[in-house]
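Taken from TrEMBL as is:
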type	residues	note
ACT_SITE	A:GLU421	active site, proton donor/acceptor
ACT_SITE	A:GLU430	active site, proton donor/acceptor
BINDING	A:TYR310, A:LYS319, A:TYR320, A:GLU378, A:ASP405, A:MET406	S-adenosyl-L-methionine binding site
DOMAIN	A:31-275	domain 'PRMT5 TIM barrel'
DOMAIN	A:284-450	domain 'PRMT5 arginine-N-methyltransferase'
DOMAIN	A:453-621	domain 'PRMT5 oligomerisation'
SITE	A:PHE313	site 'Critical for specifying symmetric addition of methyl groups'
There are 2 protein chains.
Amino acid sequence: MAAEKQVSCGLDFCSVPDLSNCLMTATSSRYDFICIPLVHPKFKREFVDPELKKRPGPFTRSDMILCSSDWNNLVIGKLSPYIDVDCTNPISRKNNEETLNQELALATHLGLPAITFKLTRNMNQNINFARIIYNKSTTPCAFQVWVQVPMENPAKQANTYRSDKGDDAVESTWEWWNSLRLVCDFHGKLGVALIVSHDIPSAEEINRWLGEPLKCLILPTTLFITNKKGYPVLSKAHQMLLKKFSPLRVQMILSGSNRHQDITFYHNYLDHLAKTYQSNGPVERFARGYEDYLQCPLQPLMDNLESQTYEIFEKDPFKYNQYQTAIYQGILDKIPEAEKDTKTLVIMVVGAGRGPLVRASLNAAEKAQRKVKVYAVEKNPNAILTLQALEKEIWGDKVTVVSSDMREWVAPEKADILVSELLGSFGDNELSPECLDGVQKFLSDDGISIPCSYTSYISPVQSSKLYNEVRQCKEKDKHPLAHFETPYVVHLQNKYDIAQPQPLFTFVHPNKEPFIDNNRYEVKKFVAEQNSVLHGFSGYFEAILYKDATISIEPNTHSPGMVSWFPIFFPIKEAVLLNAGDVVEAHFWRRCTLKNVWYEWCVSKPAPCSIHNPNGRSYTIGL
Amino acid sequence: MAAEKQVSCGLDFCSVPDLSNCLMTATSSRYDFICIPLVHPKFKREFVDPELKKRPGPFTRSDMILCSSDWNNLVIGKLSPYIDVDCTNPISRKNNEETLNQELALATHLGLPAITFKLTRNMNQNINFARIIYNKSTTPCAFQVWVQVPMENPAKQANTYRSDKGDDAVESTWEWWNSLRLVCDFHGKLGVALIVSHDIPSAEEINRWLGEPLKCLILPTTLFITNKKGYPVLSKAHQMLLKKFSPLRVQMILSGSNRHQDITFYHNYLDHLAKTYQSNGPVERFARGYEDYLQCPLQPLMDNLESQTYEIFEKDPFKYNQYQTAIYQGILDKIPEAEKDTKTLVIMVVGAGRGPLVRASLNAAEKAQRKVKVYAVEKNPNAILTLQALEKEIWGDKVTVVSSDMREWVAPEKADILVSELLGSFGDNELSPECLDGVQKFLSDDGISIPCSYTSYISPVQSSKLYNEVRQCKEKDKHPLAHFETPYVVHLQNKYDIAQPQPLFTFVHPNKEPFIDNNRYEVKKFVAEQNSVLHGFSGYFEAILYKDATISIEPNTHSPGMVSWFPIFFPIKEAVLLNAGDVVEAHFWRRCTLKNVWYEWCVSKPAPCSIHNPNGRSYTIGL
């Protein structure tokens, strides 16, 4: 288990008469960094008028007050709040631009890790500001930009006193942020510093922030209440809020004057909450460090898995239990009590790997008190070594190890039960349908396939983080859009589900259709509950192993503790702005040739977008 | 003058019992190609049902009927009209998909230059079809796809009989095409074959087609009326329509049964019209072959122009006349009649090139009967050779040739008139402001600059052609978006003006501001008259040389016959869908450092889009 991490918490100062002293106060109270105004917040400089320009004296403190490593690690610089580079008066605009440039240059000079400023209106009225920030962000070695966004539009509180205006009339502050980052082309240096409000917005609005690059939460001291022992604590509602953001590992900034005996108390409380909320379930432990990390899906048909990969998957606490239950049920259905001593059941495990399904089969048979003969078919010669050792040392003649690709094997007899685990994150994406169609000739007419069916699911997702990650996956020798036309396996964390998942493609085994066709085409419609940005589709699967025994990574039915699959993510190359109520119409194709299988996808509503991965030009799964 | 080109005209056949015969008929009647059904239009094949699949016999004629070069050049294949790959019944869909694939494969096998099919509904109901066509288009060596679009929605004619429904209720067929090409990602293989209707839509609707990749016009024989001599002719309205499309050099296809004595008559008439409409003004003659061809703007400050370039620009019939008029007027204003014998005027031509402005100055002085002394300042040592030869052989001591960069020259005296031609397609984009600001120290306090002011203009443009051209300008070692962040000089033809141009940046010379600042920032709002697609902004300029003497390439005030400048085009990286009435808000910045000048631009409405060319990362103009 990874060590528990303390919360990273900063302290905000509205003015800083003595910087060394401030920093000392903060660090001695256990805070990790400080936020300070870059320049005295009331010191307006003049850059145009020649007389006023002559005003003597430095415009802010010297960089000698702190050592470089302190500037580089402990100080977040706040831009002067009065700067307005979008005012219409050209002289005033020029002055404001120079002021802003001066502060940005200072932040670069000091080597600050980040600068921050507060949004007070929609960026549509702030395009020049957005441009300057974006320009700065695209320079090499630029600092991060933490955009402070109030969780609630201040106009909303003003409105609650007026009965004639509904909440709907007030723009969500998310729109402010959204227009800024659109103008800044989703630049990775930009993050959100969310100012937590006293009234907490709707759950939907909070969830939408989960799809944004949230860097920190700003907590005003006025949010805290005093508990019986005199310590500052948060209300239940605010605690729940922090819990919701906890998986994103956001930092905290405490702002406002100290209202308790010791400023340390706030830190201790936030640290306590962070530790409490840190989830330590099997999935979280397993996935730690892989949050929102893009992986290319495995191609076990084309490539042999490595020992370590087998080891990871064999550890799944839930999956093989379910398999064992399914096989047990299958065995009982195949051999009634009366025939238990006369009949021996043939089980074929196709793709046996290092043997977990063989073990599950033997366990199930033992539990059912039935006789079985197990064939363990595996194409990976390295895994065969393990199987043969197990055969010799433990299993004996109950198990026959077959070193062959299941598609080429000629079975000596027919199976009663065919067991396989060829499923990928999207169900059929590791070509389970093609493999099982190939081997079902060895299954007796009334034989059982475990799994007997599986269904993929998709849902529309907003995630600036993933969108940006995908954009950076560009490879030189591939099609220029290849990185947008490839699905990724990813432990989705920093994302907002625009709508609930819907089932997409289903495959049933054995496939008794007269003409087997594993091509698929489905159209799904989703309704956006609120304004949001579509960045792609998350994909899941649900499989019926046999009767009640199922496994699922679809969030609403996720198998408890099952770690073997992360979701899959289908990106789209251009983010689509959605308004509340918009219908997202998604088209997904599964396309097959004799050599390859691939997906194509597109969005046709609210507006038509182009087809991704035509002809599998960017990504195919090899047979 | 380039030779007059015959119209390229094809003949459509609804069924083809004897292909060789058809082709013979067409070519002997002077038609250039034929359109034929790939397969008998009523022969539906079966691919799923095993019994029906066995139906014997070939599905269409043999490829031996024609030789390859005829197939490759003279035959356009029509897909079977009944194919519906978007029907919901999976078996029927499968059958239709196989039918379509069979016909597409046949077209590839025959090596046809293009296939064609007719749109009958919005592609939103045809996404699977769009995907298959797109997939085919992205394969190497694919044929062109001519998408037949009726000019008027057939539902509209049905509606005219019902008074309760306005025209607005009927979707424009442009929407059908638009949704198809969006799904197909604006693929260059897709073009429009517009079926000309009896009733002609509004001028706006027609203009919108000018922004599309129009390959041909399909003219049903029923459109033709019979003139007094018994020949087929078009109505005035249809003639005007053809005239409008003439600059795009579209091909024609005659469809429907022959209603006149000889099918040749139609061709002869269309050929006659095409010749009549071929414009042969100086601009057209000059620009022939450059239509919609993207050029990088000149950088005469950094690079020396070549002899040929000078020669081209010196030929401009209008420009130097205007300059001469302006200088003439300036001379008269500077030396009143009374002083004509005593005063000698100093004229400095900065950037004299091979001398056309020196010549204009001397001509103006002669016409005004005033004495002048002309300094011809030029930095290009090769052009200096020409100037020195002219000085020695023709001009004598009236002209002093100065071999120097105007910005470094130390003038021996002050000028009364400063003449320059440093303007680019966008006015200031060849850094006229910076150059003239630098030399105005040599201008006497009441001196005149010719030009004395200039203003750039922008207007929002739809042009699939240019959008596609820009996309293909990708260069390996540049920023991946560089080709979208560079303005291009281009003779715009295949485009639709979404709204009228508006003035953007103005520069005045001499610049008497106490602090010269050539940075600019302007926001312009345009209203889209109808649904359209924004692909970028066309840019122009208008300059006041002196008093009434102006030059302009802004379409509404374009100087007659002036050929020296094509418009400039600022692309945007993602096409923006516009609805009628949408406001397009465009932001343009001109940014200057001591070394470079560049533009940045973005669209903030109807939805915010990212800033183009931040920090001049993709394109700057060197000082």
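Cβ atoms are placed via backbone N, Cα and C, with glycine included.
Keep in mind that TrEMBL annotations are predicted by a computer and have not been checked by a curator.
Each residue contributes its Cα atom, and for A:PHE313 (site 'Critical for specifying symmetric addition of methyl groups') and A:GLU430 (active site, proton donor/acceptor) these two points are 15 Å apart.
Taken residue by residue with DSSP, A:LYS319 (S-adenosyl-L-methionine binding site) is part of a helix. Under the DSSP three-state reduction, A:TYR310 (S-adenosyl-L-methionine binding site) is assigned to helix.
Looking at the domain 'PRMT5 oligomerisation' (A:453-621) alone, the prediction's average pLDDT is 94. Counting neighbouring Cβ atoms within 10 Å of each of the recorded positions (A:GLU378, A:ASP405, A:GLU421, A:GLU430), the lowest count belongs to A:ASP405. According to its DSSP assignment, A:GLU421 (active site, proton donor/acceptor) is coil.
Distance noted between the C-alpha atoms of A:TYR310 (S-adenosyl-L-methionine binding site) and A:GLU430 (active site, proton donor/acceptor) is 16 Å.
A separation of roughly 10 Å, to the nearest angstrom, links the Cα atoms of A:GLU430 (active site, proton donor/acceptor) and A:GLU421 (active site, proton donor/acceptor). In this view, A:MET406 (S-adenosyl-L-methionine binding site) is surrounded by 23 other Cβ atoms within 10 Å of its Cβ, with every protein chain counted.
Packing around A:TYR320 (S-adenosyl-L-methionine binding site) is summarised by its Cβ count: 19 other Cβ atoms lie within 10 angstroms of its Cβ, all protein chains included.
Cα spacing between A:TYR320 (S-adenosyl-L-methionine binding site) and A:GLU421 (active site, proton donor/acceptor): 10 Å, rounded to the nearest whole number. A:GLU378 (S-adenosyl-L-methionine binding site) sits 12 Å from A:GLU421 (active site, proton donor/acceptor), taking the CA atoms of both as reference points.
A:LYS319 (S-adenosyl-L-methionine binding site) is 10 Å away from A:GLU421 (active site, proton donor/acceptor) when you measure Cα to Cα.
The DSSP secondary structure for A:ASP405 (S-adenosyl-L-methionine binding site) is coil.
Classification of A:GLU430 (active site, proton donor/acceptor) by DSSP places it within a helix.
Look at A:GLU378 (S-adenosyl-L-methionine binding site): DSSP puts it in a strand. Remark: A:LYS319 (S-adenosyl-L-methionine binding site) has A:GLU421, A:ILE551, A:SER559, A:MET562, A:SER564 as non-local neighbours, by Cβ distance under 8 Å and separation of at least 6 in sequence.
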